[in-house]
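Data block below; observations after.
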Amino acid sequence: MLLDAGPQYPAIGVTTFGASRHHSAGDVAERDVGLGINPFADGMGAFKLNPSSHELASAGQTAFTSQAPGYAAAAALGHHHHPGHVGSYSSAAFNSTRDFLFRNRGFGDAAAAASAQHSLFAASAGGFGGPHGHTDAAGHLLFPGLHEQAAGHASPNVVNGQMRLGFSGDMYPRPEQYGQVTSPRSEHYAAPQLHGYGPMNVNMAAHHGAGAFFRYMRQPIKQELICKWIEPEQLANPKKSCNKTFSTMHELVTHVTVEHVGGPEQSNHICFWEECPREGKPFKAKYKLVNHIRVHTGEKPFPCPFPGCGKVFARSENLKIHKRTHTGEKPFKCEFEGCDRRFANSSDRKKHMHVHTSDKPYLCKMCDKSYTHPSSLRKHMKVHESSSQGSQPSPAASSGYESSTPPTIVSPSTDNPTTSSLSPSSSAVHHTAGHSALSSNFNEWYV
């Protein structure tokens, strides 16, 4: 990536980066003596953020020096010299150059410009490690000589090893040849910003240990799915199941379908899964056996296609019914004349029809009461649960579904002295009147 630095400023040793200038040898020598080595003063056509590997290899023959005190200090800490690492150079005059650049690009006030010598090319302490996993990064910065005073204070223009530039999209991760990302603080910046910067030659090699992206590349949880099918010849005690293990649901289902259920030649469609509650009762068709086996394997191959729902189903019919909750479709209308109730599935309509036919197929096993809807039976069962625990039972609301059969074993009204003093005939009249009042409007009944 190339940056245009604007017009020329020969007084501080900066020429136009877009095009090179020609100077006499005397001018160049005089400027080098007075200002120190400035790699951007002459001959460098542009300011490149990350030089390629062949440019780094020839760094000793360019404006960069091969070694300097900054690199020697890093070597004393245990770093080894590699040809790909850039040495240091004198930065006394170049500091004023970068001070101007930060002022010109709008990088902040004078304090920010004064600390710019640690911001553009120096990472925050401990932010980057060397190529061998070292945490001290002084010897592996882009320009290590500028890092000698960076440990004293943090720069506002470097965020966890990121170089901040004064234009849109100004967060750029450092290239891999100057040290890999090891600090977890830099993950918030490096991971989202790395995409779309291919021309910058940013290389984040995955074989250098844990980096900024590895927390987002978690390994899938390994699971073992065991086949518990018992072959008919293995039914004799002790029963021996298949016990083959699989890592994916697809492999388990394929194994059961091919190896155990069989093809069209099988006439008996019996589930031999271990502890199956059907106990050898056959199915009338193979597809029914296949659907039943999903109860044992846990396979649910039919996901809801609506975004954000996430529900999955073992049978396509259940998915079809479920999708009506999203669409609001209710194709099943009550067939009783005068009732305009509609339902999403036929089973709910069938339960509702008991209201009109006065059928009470849902019987209480603890008393003689019966109900037209299973929800009413569930409410009634709470009365028995509370009475068995010794608490005072609350009267159960009839909701139009309670049977008018006189209570025989347990009745909520037995604890009420006023109700218990009534004769059976008056009690029956009371229930009949209640039913006639509730039957005036079918549409108000809860189903």
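Just so you know, the numbers here start at 1 and follow the chain as drawn.
Yeah, the Cβs are placed from backbone N, Cα and C, and that goes for glycine too.
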Of 9-44, 117-152, 225-260, the range Swiss-Prot labels zinc finger: 225-260
Candidate ranges 73-100, 269-296 [criterion: Swiss-Prot lists as zinc finger]: 269-296
Annotated range (Swiss-Prot: zinc finger) out of 178-200, 362-384: 362-384
Three-state composition of the zinc finger (332-356), taking helix and strand from DSSP: 11 helix, 4 strand, 10 coil
